[in-house]
Amino acid sequence: MESKALLLVALGVWLQSLTAFRGGVAAADGGRDFSDIESKFALRTPEDTAEDTCHLIPGLADSVSNCHFNHSSKTFVVIHGWTVTGMYESWVPKLVAALYKREPDSNVIVVDWLYRAQQHYPVSAGYTKLVGNDVARFINWLEEEFNYPLDNVHLLGYSLGAHAAGVAGSLTNKKVNRITGLDPAGPNFEYAEAPSRLSPDDADFVDVLHTFTRGSPGRSIGIQKPVGHVDIYPNGGTFQPGCNIGEAIRVIAEKGLGDVDQLVKCSHERSIHLFIDSLLNEENPSKAYRCNSKEAFEKGLCLSCRKNRCNNVGYEINKVRAKRSSKMYLKTRSQMPYKVFHYQVKIHFSGTENDKQNNQAFEISLYGTVAESENIPFTLPEVATNKTYSFLIYTEVDIGELLMMKLKWKNDSYFRWSDWWSSPSFVIEKIRVKAGETQKKVIFCAREKVSHLQKGKDAAVFVKCHDKSLKKSG
């Protein structure tokens, strides 16, 4: 009888440990039951960023020591999004590796909710509340069991994972330090109430990168409305350079939405790679600029850094908390490193005859102390006599201090009979330029006092000149 009793006890202990490794345990302290937690929490290592080799199990204190959790360092919690394959995307180990490279002593935990994430999208979207609840209970347990400060916790959620992070942040005993939303999902969340999605109340600071908001509200892959303290819209947030939308539309038209997962990855995942870029290239962070609209940004009207009007993108963002969310914009390259250099250009077109041209193509070339950037194309919707126009251009290289610039007015792509006997022209005396990254203002004067810019002819040349207005700040 005694041997049978011992056998039953041993069997009970074995079953309890088996249950623990399947997603949770009934904790002995305080009677807390974690057995219904389905999400898994893997503490990955710098040596093996791709595999879930060691799991932290809520309610099982030994799992924390066995995985060598660092109680004195910050913790990153990475939450993936919807998946068709049921497997981790290739960006997960890349982000883990970048986090460890920047913060070698930190803990990088990857949340596995793959089973729930591979259902039909509306089903997986609904599961974000349960996943968020799992993550919150896990974080609360770390704080209560080990007195781990939540000020050391930074949640990073991609797509649906961003909303799961928001739910988690709203349910923790104390606010976590930061949540970064990486292109939070749009469908089912654009019009959702704050408790069901990512919002500024979910952490001490919430920053969001919006990279694929193309389409009508509620139908775009990424959420369009601001949901953080600082919401950044690279390249307007609609679509990213290097991502071929024409090809995407063609494939969808021919094959339907079956391959949409592959097609949306480029712009949707750009949010992740922009954040990775900020971790790896800390010496040259990209800058974003606060603006009321992307249209105003395209005119170059928002390159001010006064009163927190500009900010770093990604990891080294300044934690600015305003009453209203700050919408910020920037341009990027098509590949890492993504940083570019923004310039506002203001030109006054004058002449003896009243003239007006629509949708005119130009090229501008900038020459500096370090490098040059030539033949940058831009289009002005309108060019008219005695009017001043402001527009944004950017370079992919740091050209240093500006010294000279050239402006060329391109011919129309179509033939006009009037071009046989005359060519439109304007007189330009000065061009004003403001550099976003350095906040310096430069005035360029026509090399021949005034320049006659003629359509389809040689470029007009302007050189750096001195002007009293250069001393003004802003």
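Residue numbering: from 1, along the chain as shown.
A Cβ is built for glycine as well, from the same backbone N, Cα and C atoms used for every other residue.
The shown structure was predicted, so the numbers you read here are calculated from the model rather than taken from an experiment.
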123-146, 147-170, 243-266, 387-410 - the range that Swiss-Prot marks as region 'Essential for determining substrate specificity': 243-266
Annotated stretch (region 'Important for heparin binding', per Swiss-Prot) among the listed ranges 65-69, 115-119, 430-434: 430-434
Candidate annotated as 3'-nitrotyrosine in Swiss-Prot, where the set is Tyr100, Tyr315, Tyr343: Tyr343
Among Tyr121, Tyr233, residue that the record in Swiss-Prot marks as 3'-nitrotyrosine: Tyr121
Residue among recorded positions Asp183, Cys243, Cys266, Cys302, Cys465 with Cα closest to the Cα of Cys54 (disulfide bond): Asp183
Cα within 10 Å of Cys310 (disulfide bond) - qualifying recorded positions among Cys67, Tyr121, Tyr191, Cys243, Cys266: none
Residue, out of the disulfide-bonded residues Cys54, Cys243, Cys302, Cys465, whose Cβ gathers the largest set of other Cβ atoms within 10 Å: Cys302
From recorded positions Tyr121, Cys243, Cys291, Cys302, Tyr343, the one whose Cα lies nearest Cys445 (disulfide bond): Tyr343
Spatial neighbour of Cys302 (disulfide bond) that is closest, considering only the recorded positions Asp183, Tyr191, Cys243, Cys266, Tyr343 and their CA atoms: Tyr343
Integer Å distance between the CA atoms belonging to Cys465 (disulfide bond) and Cys243 (disulfide bond): 40
Residue with minimal Cβ packing [other Cβ atoms within 10 Å] among the disulfide-bonded residues Cys67, Cys266, Cys305, Cys310: Cys305
